[in-house]
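Lifted from TrEMBL, the feature list:
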DOMAIN    29-553  domain 'Major facilitator superfamily (MFS) profile'
TRANSMEM  29-54  transmembrane segment
TRANSMEM  66-88  transmembrane segment
TRANSMEM  100-118  transmembrane segment
TRANSMEM  124-144  transmembrane segment
TRANSMEM  156-178  transmembrane segment
TRANSMEM  184-206  transmembrane segment
TRANSMEM  343-365  transmembrane segment
TRANSMEM  460-486  transmembrane segment
TRANSMEM  498-519  transmembrane segment
TRANSMEM  531-549  transmembrane segment
């Protein structure tokens, strides 16, 4: 049946293999559009590694956490605008042109970042990429869902979601591959233009969505596309289903009196208000549990745990990205068995436990960090500008001994040079400049010291990796995918567009809030305090979700509407549509 939301079930994956063997055009269509999901995931992951090397190349970025946050989050800000503009462009110009424009924006942003001479130009490139990501994130799954056979639609749309996590994993591999190449971050960010160019070329040879064509009264073109998608024996029935669905949608839109009328009527309905409360809360919760602190700043978090090397941090971050992709696959098979509400609450409970563990690990890292050696500092900083200024004043005044943690939190920006024999022994507290880094890293083999600018040497670092891995395992199958599914089910069909748009903007805005403040919070509250804050927020969200989000497993759209409109509605009570 044309229209509506289709979830992937096990039979759909069997049908997918059967139909694509008979109609290879379907697979070509889905793969070409699905590259948009790959671009979305790649952009999310690539900046986490590129940021390490951008800091090394631009001293102003190294000194300013706000500038680092802005470089990361401006793509999210661009995505908010891109998603909003993409909705209008999809209706006005079509799905295919919107994907082509998104590719051009992504390609332009990649080129701008690759050749950027300054942080300001990198930020401009990030905005362009964000515009493309925002448009692609909503247009690619829409195009796939409208241009694929109904009985495998869920499998194809789910595959697009899997490509997002695959893009994240690919970005970590690309980052790792370019760690030893001149221009490191320029290659990392520039390579993103390749799949955008590939998708642009592939989409030029693909047709417009038949549903959009039919709405624009281009019925002959729509029917021609349908004949390329469906087996001959199914074409006429599917064309008739498309006609009935589109005409019903258009009649419904005329009765609502435009976008303003749609929004007013939506908010005037108790069913919509309850559904919108649940849907928006799910989307906001998805971001406020801190997932993008892990996806955007994973290598930085690994360094905060005591792994100083950029390449080591990137290699270890592959674990989190791989687990995220695996979790998406798990969700596809279990969400209909476990139930949406239960899976999401179990996921959130695991997140609270993992964030508490992360907070404890970083507290241990801070309290057991190596001491600063007066003699070691003097030996490595013979010049007037070599020693950390705050440490020099404290040592001259004969105050308490400093630790690595105090050194790294010095306002002027300082680094810790570990002892060559044992990184846990007292080291040197130096000013964070190129001369100090070179002095620290002088020597070869066992005599080479390690420079720490983010986190201190620690014997607890592996526990942080375990906690990060457990966090992703808890997040991905539940909070990672269920909020989108909830939003596809809790709105009446006639208000799904406007409510889905509100929820999507809430998701992107929450994403922006988290990514723009994470590094500043670690600076002000400490890493342990920041993760404890996320832990507390997640615990509060668990209570809110329990009270507000209903179970929609196994219910038809009409039954969900009946449940939300019932006088004795309670989200935590199981609904019986036959009662």
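From the backbone N, Cα and C atoms, a Cβ is placed for every residue, glycine too.
Any TrEMBL annotation is an automated prediction that lacks curation.
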Paired segments the transmembrane segment (184-206) and the transmembrane segment (29-54) in contact, 3+ CB pairs under 8 A: yes
Chain residues in Cβ proximity to the transmembrane segment (460-486) (below 8 Å; excluding those fewer than six residues from its ends, i.e. six or more beyond): 7, 161, 165, 278-279, 282-283, 285-286, 289, 291, 294, 298, 301-302, 304-307, 316, 319-320, 323-324, 326-328, 330-332, 334-335, 340, 343-351, 353-355, 357-358, 361-362, 364-365, 368, 507, 549, 552
Stretch-level contact, the transmembrane segment (29-54) and the transmembrane segment (498-519), CB cutoff 8 A, at least 3 pairs: no
Long-range Cβ neighbours of the transmembrane segment (498-519) (under 8 Å; 6 or more residues past either end): 65-66, 68-70, 72-73, 76-77, 79-80, 83-84, 87, 134, 138, 259, 262-263, 266, 272, 275-276, 279-280, 282-284, 286-288, 290, 292-293, 296-297, 300, 483, 487-488, 491, 530
